[in-house]
Amino acid sequence: MNEADVDMLREERDASPRRFSNWDPHDSFFQRYHRLSPEEKDKLHRSMPGDDNDRPPSSSAASSSSAPSVRLEAIRTANMSRTATNRINHQESHPHALDRIETHRTQHSGTVGAIKSRKSSQKEIPAMGAGKPYPPMLPEMEEYVVEFDGFDDPRHAQNWPLRKKLLIGVILAYDALAATMGSSIFSSGISGVVSTFHVGEEVGTLGTSLFVLGYAFGPIMWAPMSELYGRRLPLVIAAFGFSVFAIGVAVAKDVQTVMICRFFDGLFGSCPLAVVAAAFADMFDNKTRGLAVAVFSATVFMGPLLAPFIGGFITISYLGWRWTEYISAIMGFSAFALITIFLPETYPPIILVNKAQDLRRATKNWGIHAKQEEIEVDFKELITKNVSRPMRILFQEPIVLLITLYMSFIYGLLYLFLTAYALVFQGQYGFNEGVGGLCYFGMVAGEIIAFIVVVIMNPSYARKLEANNNIPVPEWRLPISIVGGVLFAGGLFWFGWTGFEGDKIPWIVPTLSGLFTGFGIFTIFLSLLNYIVDAYLMFAASALAANTFLRSGFGAVFPLFATYMFDGMGIQWAATLLGCVALALVPLPIVFLLYGKKIRAKSHFAPAPDLQQDKRRDEEARGVPDSDGSVPSEEAEKKDA
């Protein structure tokens with residue numbers, strides 16, 4: 001970790017001391033940082049909470065004589081705000097309400113920065129102007145900050161009626177489906193693009209690759225935007241942009257326009273992948289959130305598999321390949337209309353901003369505001385937390401690097417299948433583009449089976465979580481990915497060795513291999529993504545950003561060499577090579593299942609609340625006193641959790 005990461009942890013501890021104590025009860029992150037960078041030990045000690053020198057901003061030589069006193073007054077006000085926050089925390093009786101008050105500060109510290117940026121605190125404070133003195137300080141700022149009216153406040157998205165949640169969920173799922181179908185529907189029209197613009201097959205395939213490449217860069221923009229301005233605004237902008245660039249592809253007069261518009265189509269289409277899951281998390285609590293995200297994941301992975309047969313039938317009809325993009329634009333514009341008309345804001349901090357606006361208009365008191373309105377965006381900090389940190393986590397954390405490589409390989413094969421299925425069912429069995437696309441329903445059925453298994457297993461996971469003081473153990477997520485990995489590799493062997501001779505083996509046999517590959521894709525992705533989230537907690541956004549960047553790169557590259565590999569090696573041997581790689585990766589989650597705790601214990605970014613709990617239990621069993629001289633009890637642990 002560098003100084004920026006330690007600053008983030010310090011901000012998190014200041015804003016959410018109760019939550020942070022569960023993540024890092026013994027300050028192991030700070031101790032680890034001291035060992036790594038001894039020269040900054042004194043500097044870090046001076047900035048620790050509770051010290052007499054509690055992060056005072058340095059005054060510049062050019063500041064006026066009144067500036068230091070103003071800064072000191074601002075520090076005093078900030079301290080009073082923290083005191084008021086603590087008072088609210090003590091008054092709030094419902095344990096989950098504390099999380100609701102604190103969650104947005106955690107999200108901002110990980111994506112868009114702190115409430116007060118370091119740059120603004122070090123700037124010279126200008127004069128009022130016109131000879132006016134500085135006005136007297138206002139009363140305590142925290143008294144003017146709006147909050148939710150208790151745990152059952154109907155304004156909070158988790159307290160909305162189930163019917164409303166389901167309607168919003170359907171709209172969001174449809175938006176994600178439109179975006180993911182747009183990634184693969186173009187593949188059915190590649191032959192039309194090749195003949196229209198007189199280019200090679202590889203250039204035509206770039207239309208799919210560039211779209212997926214847009215998936216790699218889009219979340220860097222959409223994720224922090226959703227944390228600053230809420231979920232609704234980026235979804236509205238992205239749905240409109242996605243539709244416009246789809247039309248740009250449909251009416252293109254040259255291949256350059258097709259490729260440029262496909263990239264930006266993917267850039268805007270990546271927004272639902274980054275934001276819809278967060279909107280589900282806004283609406284559903286811990287008991288139902290896993291199922292909601294599973295529904296979202298099923299939609300995301302089914303989209304690329306449902307589109308080819310639709311695009312295939314359109315391409316072979318009188319409509320032609322351009323109408324594949326018109327259909328994508330129609331879906332995008334319909335999603336845009338649904339979101340604009342029916343989607344309310346789900347992000348709690350923005351809901352409070354709207355509440356504060358209503359109160360200001362009603363009371364004429366301009367001091368009433370939401371905590372979100374105190375945010376000051378520092379562009380340098382924004383880039384650091386959304387670009388620099390994900391890359392450092394990717395290459396410094398073996399868990400993130402190895403799991404991301406595994407997931408990137410699987411994700412690349414998802415788009416490689418767009419070429420492989422065409423070579424088998426159109427090349428070997430003589431199907432047209434539309435009928436050949438129907439064979440993807442084997443994989444769709446496998447994903448549906450995987451989804452049902454996840455739903456059945458969810459109550460068992462919930463019971464284990466409750467028995468462990470609601471502290472997740474990341475390795476609990478891994479067993480199903482091991483099963484999925486074995487089945488996925490088996491499905492590749494099955495597909496290759498039954499699909500290379502269309503005149504001897506019925507078409508249904510290689511089609512049914514999709515049951516294994518579809519099951520494997522869904523379970524591997526869902527379990528490993530959850531493993532990253534559980535392992536990295538407040539750094540999960542950065543870890544997932546790195547994961548998305550690398551696997552989108554794989555998804556963009558794999559279709560480009562698929563034809564060469566299958567034509568050069570033969571369908572059976574190319575599938576065998578891929579199956580062997582998939583089989584070699586199966587032990588990876590097994591290694592993390594057995595040794596994941598030890599690896600996480602040495603991590604610079606992965607807090608380990610489960611390991612801290614195990615340590616406290618071991619000390620309790622040995623009768624080792626706590627720092628205050630008392631022996632921790634299991635009841636106290638449950639109360640803290």
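All residue numbers here begin at 1 and follow the chain in the order shown.
Note: Cβ is positioned from N, Cα and C throughout, glycine not excepted.
Model, not experiment: these values are computed from the prediction.
Pulled from TrEMBL, these are the features on record:
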- 7-17: compositional bias 'Basic and acidic residues' (COMPBIAS)
- 36-55: compositional bias 'Basic and acidic residues' (COMPBIAS)
- 56-69: compositional bias 'Low complexity' (COMPBIAS)
- 612-625: compositional bias 'Basic and acidic residues' (COMPBIAS)
- 168-599: domain 'Major facilitator superfamily (MFS) profile' (DOMAIN)
- 1-70: region 'Disordered' (REGION)
- 101-133: region 'Disordered' (REGION)
- 606-641: region 'Disordered' (REGION)
- 166-186: transmembrane segment (TRANSMEM)
- 206-223: transmembrane segment (TRANSMEM)
- 235-252: transmembrane segment (TRANSMEM)
- 264-284: transmembrane segment (TRANSMEM)
- 291-320: transmembrane segment (TRANSMEM)
- 326-343: transmembrane segment (TRANSMEM)
- 399-423: transmembrane segment (TRANSMEM)
- 435-457: transmembrane segment (TRANSMEM)
- 478-495: transmembrane segment (TRANSMEM)
- 507-529: transmembrane segment (TRANSMEM)
- 536-561: transmembrane segment (TRANSMEM)
- 573-595: transmembrane segment (TRANSMEM)
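Remark: the transmembrane segment (507-529) makes no contact with the transmembrane segment (206-223), by the rule of 3 or more CB pairs under 8 A. Within the same chain, the transmembrane segment (326-343) stays apart from the transmembrane segment (206-223): fewer than three Cβ pairs sit under 8 Å, each pair at least 6 residues apart. Same-chain residues lying 6 or more positions outside the transmembrane segment (264-284) and placing a CB less than 8 Å from one of its CB atoms are 157-158, 160, 165, 168-169, 172-173, 175-176, 178-180, 182-183, 210-215, 217-219, 221-223, 226, 231, 234-235, 237-239, 241-242, 245-246, 248-249, 291-293, 295-296, 300, 328, 346-348, 548.
Model confidence over the domain 'Major facilitator superfamily (MFS) profile' (168-599) stands at 88, taken as the mean pLDDT rounded to a whole number.
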